[in-house]
């Protein structure tokens, strides 16, 4: 409200009108000041993100934000993928190609077990960053406690679902008794200690929500280096534990940092400060929506791994006998490890993108959300092109990292080339799911996961098998077919939410212009007050 000169002589009605307006403005100012003090006091009691933590999510330009936040996940994902590669090398040297076949047989079951941990990680990262964007920090602490309780449930589901059916599954695949025995020795420690994996990944989700992705990367790098470079060879060659040396070292790599992070959170060392007594309180009303958002990630991971069960059966049927099954599975292990490595950076990009994008959308900054999405897209695209070039141009040389027998290479090289030939489009499905999750469209993200990774995978697998039942190398064409399907499905289900976002952003911009125009008009006293100019 512009100031009015009280020394001027006006009618009493005009003076009373001006005094009333000034009194109302002063009263409103006092009320607003009181609200600010109350809000500040409330925030002190609730706890939450400080200025530095908010700066990580929203203070930098979009590209710099993603590059900064993806460093930790890149370290984490790449070291995790390299750990699988180095593990395969240790097993190849210590046990031979039958060991590689056993690990390749168990990869899908191992992935199913870890899926529950990633489910909790995405639930934590997306929902907690959203609550931060809304300023609901106290609610976030209860969600943390609730998700940690969920780790016990998920940790119990994994061994109950996998171990009883293990031997029959391997027999159905066509694996020999030795391969089945080695596979069980490998998977048993991972299933028994699944709760430690869930705790570790859930705590990583909490750190992601705060933008502490670099810390995640450093923790993973340290734990994996110790496990891969020290524990695995120690157990295999020192304690002579055999193939389960690889899985025991994974348990240590997950369990130690997970327990330490959980204790530090409850001791108030991070931005989220849960209390021990919250573990006994009723679940937050925000926990179920958090789990629903993470459910798309669970379905995505399960849908990516469960079809691996029948595909191993089809590989066994196509191979004809257990000897050629071991050769084919050793070659298949190369595809699994290489695509895991290629996907690691894409996952890291979407991980670095998810928390700031969720925060931006929850805070109403849709322009920043779109900018973050654009930069995440082109970064993932460039990486996908590079990895596809290598796998298509030098598949034999890549396969020789894991083994060198001519019979093995006759399977591994062509299988790798066929399986990755259009992986330059693979990023679209990952990014589409992350964008939908950031917009809180967990259902759509779940549909993308299910259709692409489950329905399409099984459909193409049986299509290629029944059109040529004795060509395991040709069977690998199912992977580029699934990538193409995911490209179409992810793009299609993202169109409407993005269009609605654009319309909403356009409407908000028009409302802002109208408000600015009204504010400009309000700057003229005679127009505001209906009085003649003084």
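Positions of Cβ are set from backbone N, Cα and C atoms, glycine also.
Taken verbatim from TrEMBL:
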COMPBIAS  1-11  compositional bias 'Polar residues'
REGION    1-29  region 'Disordered'
REGION    509-534  region 'Disordered'
TRANSMEM  147-166  transmembrane segment
TRANSMEM  186-203  transmembrane segment
TRANSMEM  215-239  transmembrane segment
TRANSMEM  245-266  transmembrane segment
TRANSMEM  335-355  transmembrane segment
TRANSMEM  375-394  transmembrane segment
TRANSMEM  445-465  transmembrane segment
TRANSMEM  477-499  transmembrane segment
Contact call for the transmembrane segment (445-465) and the transmembrane segment (477-499): at least 3 Cβ pairs under 8 Å, seq gap 6+:
yes
How about the transmembrane segment (375-394) and the transmembrane segment (335-355): do they have 3 or more C-beta pairs under 8 A, pairs 6 or more apart in sequence?
yes
I need to check the long-range neighbours of the transmembrane segment (147-166): which residues 6 or more away from its ends have a CB within less than 8 Å of a CB in the stretch?
109, 112-113, 116-117, 119-120, 123-124, 180, 183-184, 187-188, 191-192, 194-199, 202, 205, 262, 279, 287, 290-291
So what's near the transmembrane segment (245-266) in sequence-distant terms, Cβ-Cβ under 8 Å and 6+ beyond its ends?
83, 87, 90-91, 94, 103, 144, 148, 186-190, 193, 196-197, 199-204, 206-207, 219-220, 223-224, 226-228, 231-236, 239, 272-276
Chain residues in Cβ proximity to the transmembrane segment (335-355) (below 8 Å; excluding those fewer than six residues from its ends, i.e. six or more beyond):
57, 65-74, 76-78, 80-82, 84-85, 88, 104, 107, 122, 125-126, 129, 208-209, 211, 213, 372-373, 376, 379-380, 383-384, 387-388, 391, 398, 402, 415-416, 419-420, 423, 426-427, 430-431, 433-434, 437-438, 476, 479
